[in-house]
Amino acid sequence: MDGRRSGISALIALLLALALIGACTADDYRLSRGVLPSLYNISIRPYLLISDADKQFSFDGDVSITLYGIDEGVQQITLHKDYIEILDCWLYDVAGNLLEEIASERLIYEEQTDKLTVPLTQVMLANQNYTLRFKYIGQMRDGMAGLFRANYIEEQTGDIKWLGVTQMQRIDARVVFPCFDEPAFKAKFQLHITRPDNYNAISNTKIIGSTAEGNGLYVDHFDVTPVMSTYLVAFIISEYTSRKSSDGNFAVISRPEFFDKTKFSFSVGERTLQAYNELFKQPYSELGNELLQYASSPKFPHNGMENWGLIIYSDAVLVQEPGYTDGWSNKEFTIRIIAHETSHMWFGDSVTFQWWSYFWLNEAFARYYEYFMAHQLYPEYQLDQQFVVRQLQLIFKNDALVGTQPMTSPEATIETPSEIGYKFSSIAYAKGASIVRMWRNAMGHENFDASISEYLKMYHGSNTVPQHLFDCLKQHWPAQQIVDLDQFFYDYTEQVGYPVLYVKRVQENGRISFEHNRYLLSPSDGSDTTIRYTIPITYTTNLSPNFQNLTPSFYIQKNASTYYLDLNQHIDWIVVNLRQSNYYRVFYDSGLLQRLQLALSASGHSGVAVENRAQIIDDLFNFAHAEMLDYVEVFKFMEYLVEETEYVPWYAVYDGLERVAPRLTLEQLTCFSIYLQDITKKVFDRLGIVRPNDTVLDVFNRNKQVSWLCKYQHKECNKQVLETVTSLETQAEKPLPDFRETLYCAASRAGKYATILGYYRTETYPSEQHMLWLAASCTSDYRAHYENEILGNVTVSLITSGVAQLYQQNPEHVTPIFEMLTDDIKKLADALDSWSETAKVLSELAGYFTTRTQKQMLEEFIAQNGSLFGRSVDTLHTAVQDVGDNLEWSEKRLGRLVQYLGERNSGTIKKLLNVLLLLPMLSLSLRLKL
């Protein structure tokens with residue numbers, strides 16, 4: 001607002017504003033549907049040049065919104081705006097005749113809700129079109145929301161190049177133009193962007209013409225978009241260049257020096273788009289927009305944003321820098337993110353959730369296809385297997401906590417910006433994708449694909465709620481499956497959490513019982529323990545192992561206390577929840593678990609799928625964490641790993657060990673290290689440090705093994721690392737990008753610190769330089785690195801990450817590193833220029849304390865130096881409490897495990913285990929009976 005209003009009009013506006021604010025409730029965040037927008041005609045003039053002087057990084061805007069009257073008697077129009085300043089406002093009739101000029105001082109703005117109310121002196125008629133026009137100004141923000149500015153340094157000239165980029169999801173379209181900024185207020189958009197002659201503009205649709213404005217300025221006019229939500233509007237003003245398809249309908253757009261580095265992402269994009277055209281039976285071009293562009297930005301808040309026709313990515317997604325970011329892991333990242341964002345052209349852009357409560361309708365499918373479309377196109381990454389450990393098992397941890405949320409929330413509970421942000425959680429993405437996977441496997445791929453194609457066609461251009469999806473799924477669900485589908489859908493989308501299924505042997509003739517309840521990491525944390533779920537049961541046995549048939553044999557209804565399965569034959573083992581395709585954990589009784597260990601120890605792991613091997617390991621770790629069994633049972637079961645060489649089960653192992661290893665004392669780590677070396681012998685012998693003809697997952701697996709084994713003093717691991725780095729030095733070669741960070745970290749710790757530090761000092765490529773800093777910070781020569789490198793660094797993030805690497809990668813040095821930091825804590829505080837940051841560094845280090853002596857050291861330090869930290873001393877007091885909690889947990893939960901490892905390494909248990917590992921062969925003739 002400016003100060004041009006008259007006294008009377010200002011008083012009237014103030015009274016109206018006070019009345020509106022006084023009546024403000026949560027419901028007032030939502031717009032009424034008395035009028036609906038159908039078309040936005042938007043003109044934007046950004047100022048990016050130094051010659052723009054005081055106007056640089058601002059923009060002028062002009063928007064005309066075509067409105068359709070729904071209700072009779074509407075005498076005010078309410079929409080959204082934020083940060084922009086309205087200069088003028090007019091209302092026109094359908095013929096373009098001016099009906100009313102609304103002075104800016106009459107406009108009523110509610111800062112809390114971002115609502116802008118346009119009061120009218122006349123009544124709008126229902127079933128009539130009107131045009132509401134605004135002229136306004138705004139700022140190109142430094143933060144990454146709305147229309148923001150970004151820059152890069154041109155390689156050839158060293159000049160700083162500025163560009164304007166948009167990011168309007170969640171609710172930041174209102175920062176760029178006044179609008180009805182809710183997903184259900186779909187409309188068409190036509191943009192006109194003014195730019196300097198050496199710049200170009202791109203938006204959601206094709207340019208249909210350009211006009212010269214004089215003074216070196218041009219206006220690019222874009223075609224009208226399909227009907228879509230406001231958060232999908234996008235544009236970029238830059239000096240970028242394009243790599244285009246032969247018909248010009250697909251392009252990858254980036255800065256000129258990246259042109260030759262986008263070949264891979266261009267190829268991935270073309271393949272992905274064609275695959276979705278075939279899968280959904282609704283080609284992209286038939287959705288209403290022929291053009292699909294991928295554009296990169298040096299500054300972006302996400303990996304990608306699914307704006308219809310103009311998907312904006314961070315540079316790292318689209319650009320493959322030879323020798324740096326063109327390894328397997330980088331390419332997998334590119335494949336996944338492109339598969340994810342491109343799927344949104346259907347899920348989210350064409351068919352959009354009605355309100356943020358149903359956000360998962362967008363993201364569950366995008367995350368699912370991120371893995372499974374990517375797997376279809378690039379099977380060498382085995383992303384179908386990786387999904388289990390990287391998505392399903394990951395979200396299981398969060399979804400077992402008191403703070404979890406349902407996929408679907410009541411609309412009335414999601415109103416404010418913070419409540420909307422609450423739905424942007426891993427529940428919408430990872431759990432949503434896991435539930436979609438469960439549905440697809442349960443109903444069969446062909447049935448699922450048919451129902452999704454029907455859903456996308458039926459609701460093209462519309463907004464949906466989950467029931468619309470469920471109705472389509474039910475139409476194609478196999479009739480022979482006995483299940484209450486409405487209950488099944490409800491249990492996993494509107495309820496929180498998930499079940500654990502208890503599988504027990506109850507008779508020797510093959511009778512198995514199933515019981516279930518909600519799985520919680522801490523049942524006493526206030527979570528509702530009474531929730532139950534409908535559970536699809538898939539299983540197989542040793543008699544006829546089949547891990548491919550994922551159709552449920554039956555469903556356990558949510559209110560059934562116990563279900564009995566009569567196999568009527570003797571079996572050696574049973575696996576439930578094949579390929580972990582359904583959303584629950586499985587707790588086997590001790591007898592069944594022992595037989596599973598024997599099965600996994602046998603040749604070929606008895607055919608048990610890698611996903612199930614990973615599932616059993618992950619479940620056991622989490623049952624131990626929840627105090628449902630002792631950690632010693634987990635470690636006993638993992639003795640089978642002497643025969644395991646696959647990446648996916650080892651991923652689950654190391655994920656579980658991340659909770660245990662940091663809690664072991666230095667003395668206890670000795671026994672742990674021996675155990676780790678024993679169970680990894682076969683996989684390390686197979687992978688080594690360097691090996692030709694690796695698969696993708698071999699490369700990923702080696703990173704895991706070398707990282708852990710060298711860290712925990714595996715002599716052969718460290719020996720081979722040093723030999724490899726020395727050989728590479730001699731030949732003046734670099735290791736492959738995928739293995740570089742792991743190898744350099746291990747080498748720095750093992751004695752090649754000076755070499756890795758030298759690489760860091762001479763490297764100029766930013767991401768490589770950061771990697772080398774972390775690798776150098778793995779050194780066991782912690783004092784030299786701290787005093788000579790860390791304290792002299794000017795970047796807070798590098799100081800904190802450098803210190804963290806020192807103790808995380810050298811668990812035997814936690815105490816001396818703490819003593820080094822606290823001997824002269826002012827040095828660290830000066831380097832960080834913050835006592836608050838210093839307290840955080842010490843607090844994070846204390847998270848690795850494992851003895852009461854260390855806790856006492858921290859307490860004494862606080863007593864002597866706490867006053868230096870001001871209010872931040874509270875961070876240190878909290879750290880003391882956390883250390884105490886960790887010590888109590890370790891003493892309570894790890895006592896038997898420590899004893900087991902000690903006895904095992906003494907040889908008594910080891911000999912017994914060697915005998916046990918022979919039993920699978922004996923069982924072929926003796927047959928363990930259930």
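Placed from the backbone N, Cα and C atoms, the Cβ positions cover glycine too.
Residues His340, His344 are given by TrEMBL as Zn(2+) binders; from Glu321, Glu363, Glu380, that same site also lists Glu363. Fewest Cβ neighbours within 10 Å among the binding-site residues His340, His344: that distinction goes to His344. For Glu363 (Zn(2+) binding site), the Cβ neighbour count at a 10 Å cut-off comes to 27, with all displayed protein chains included.
Using the Cβ center of His340, His344, Glu363 for Zn(2+), the list of other same-chain residues with Cβ within 8 Å runs, in sequence order, Glu306, Glu341, Ser343, Phe347, Gly348, Asn362, Phe365, Ala366, Arg367, Tyr369, Glu370. For the pair Glu341 (active site, proton acceptor) and Glu363 (Zn(2+) binding site), the C-alpha distance works out to 10 angstrom. Under DSSP, His340 (Zn(2+) binding site) is assigned to a helix (H, G or I) in the three-state scheme. Around Glu341 (active site, proton acceptor), taking its Cβ as the centre, 25 other Cβ atoms fall within 10 Å, counting all chains.
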